Amino acid sequence: MTVKCPSKLKPLFDYIDKNKSRFIDNLKNAVSIQSVSGDPNRRNEVVKMIYWVANRLTALNATVEICDVGMQELPDGTTLKLPPVILASLGDDQRKPTLCVYGHLDVQPANRSDGWVTEPFELEIRDDVMFGRGTSDDKGPAISWLHVVEAYNAATLDLPVNLKFCYEGMEESGSEGLHELLLSKKDTFFKDVDYVCISDNYWLGTKKPCITYGLRGLCYFFLQVSCASKDLHSGIFGGSINEAMSDLIAILDTLVDKDGKILVPKIYDEVEPVTPEEKSLYESIDFSMEEYNQDIDSPQLLHDKKENLLMARWRYPSLSIHGIEGAFSESGSKTVIPKSVIGKFSIRLVPNQQPETVEKLFREHIEKQWKIRGSANSYTFTMLPGAAPAWKSNPDHPHYEAASKAVQYVYNIVPDFTREGGSIPVALTFQDVIGKNVLLLPMGRSDDNAHSQNEKLNISNYVEGTKLMAAYLYEVGLLEKVV
Ligand SMILES: C[C@H](N)C(=O)N[C@@H](Cc1c[nH]cn1)C(=O)O
Ligand SMILES: [Zn+2]
Ligand SMILES: [Zn+2]
């Protein structure tokens, strides 16, 4: 049985329905800004995106602070200014609870040539689905909070909470600078925050909304192997030296086996044991393995039971190899021996695993494997900045009940409480530094292709998701202020 929607929300929902096209236009504008945080050459686009949102917040009468968070050191040793972070406030009524919403305005890289069917930075609608980089991760959800404020204003309804916005432009690159900012503003900007909400993840499937209380953490590594001062002709030099690429691939091959088991000794030592209570949680979760695999079309899933697959994604670490910089990767054949290559891989961390310990285990493992390999070449091993532990919240908190009611008002269904395998480093910082309950309220679906080709957001998710945020504000407004 679901709970009935309060009539007070009707004018808000009507306004959101009526303004759908304008909200889509806003997202179209946001998508056209190529705010790829991982590309130093597009840093000005990230900054442009930050100001695009800051100006809209100002127009909504928010008090906006543009916070400088310092410099980024790039892998080649040069430095680059980090994009500023927006801290904005709306309302300061001591009788109302204060909600902090976080979003990120940067995106992953995207090129049409990767296999996009549309231009990635031009929002295009096909069959009620909006395609474009950042539609789901995370520009769509991030700007929807602004639409919600607009809806409350238009409906002449007082905002039920004091709102604090924290919007950054480096999430896809480890949220550099943000943690320090949160710490420095703990007793000022964040002092009165009672609840934190992040809308930057996805439903577990394509049909049913969920609320998320856990994420994995992340350590990202570069392993560079060098064999010469210039690229070499393989006909002239092949057979006469240890090749960097062969060494790199040999080491990468010692990291994970075909069943996904990480081969670095002691890596599973800290992982929380599964309790019978935890096991029973998975049974009731609405999740279809068939639908999950239909979307990605993989020849075989590594697990044959829903519980095991969810555990593999939520509560066990996983290791992925992402790419090799310096390798020949264009079409056609080129008989070259690359002089130097950088293998890029990451591990998703789970509760109890600490980035420093994990880095040490990897360093020791690579040292040992390198000795076994016995190559004359040299290597460097680096963990990138922004490594973050996993985050887990308390879903038995009234905050989760409030969000669950909001879902029921909009979708007429009781949502599952889920965890997710991705990472949002700041979720744990909010929980630790501010010390308040943190909740993830996803807008998009599991098949939104975040980080992948043809990222999309269904218009229905955008519109109903905005209503959900409006209903959630209403419910949070009924919660106690936290002392
Ligand atoms: C879940 C969130 N929307 C997301 O995509 N997070 C990224 C974070 C990241 C990327 N590089 C470093 N951190 C992720 O989980 O990959
Ligand atoms: Zn995201
Ligand atoms: Zn992302």
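Using the three backbone atoms N, Cα and C, a Cβ is placed for every residue, glycine included.
All annotation found in TrEMBL is predicted automatically rather than curated by experts.
Model, not experiment: these values are computed from the prediction.
Listed in TrEMBL for this protein:
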ACT_SITE  Asp106  active site
ACT_SITE  Glu171  active site, proton acceptor
BINDING   Asp200, His233, Thr335, Arg348, Ser423, His451  substrate binding site
DOMAIN    213-370  domain 'Peptidase M20 dimerisation'
SITE      His233  site 'Important for catalytic activity'
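Features per TrEMBL, on structure.
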residue	record	contacts (Cβ under 8 Å, 6+ apart)
Asp106	active site	Ser35, Val36, Ser37, Val46, Met49, Pro83, Glu168, Gly169, Met170, Glu171, Glu172, Ser173
Asp200	substrate binding site	Tyr102, Gly103, His104, Asp137, Asp138, Pro141, Ala142, Glu171, Ile424, Leu440, Pro442
His233	substrate binding site	Thr335, Val336, Ile337
Arg348	substrate binding site	Arg216, Gly217, Leu218, Pro317, Ser318, Leu319, Ser320, Gly421, Ser423
His451	substrate binding site	Gln108, Asp137
TODO: Please check each of the binding-site residues Asp200, His233, Thr335 and report the ones with a CB atom less than 6 Å from an atom of ligand 1, ordered along the sequence.
DONE: Asp200
- [ ] Ten-angstrom check, please: count other Cβ atoms within 10 Å of the Cβ of Glu171 (active site, proton acceptor), all chains counted.
- [x] 26
Open item on the list: Checking proximity to ligand 2 here: which binding-site residues out of Asp200, Thr335, Arg348, Ser423, His451 have their Cβ closer than 6 Å to it?
Closed with: Asp200
Open item on the list: Which one is it: of the binding-site residues Thr335, Ser423, which Cβ has the fewest other Cβ atoms within 10 Å in this structure?
Closed with: Thr335
TODO: Over the domain 'Peptidase M20 dimerisation' (213-370), work out the mean pLDDT and round it to an integer.
DONE: 97
TODO: List nothing but the largest Cα to Cα distance in Å, as a whole number, among the residues Asp200, His233, Thr335, Arg348, Ser423, His451 that the record says bind substrate.
DONE: 47
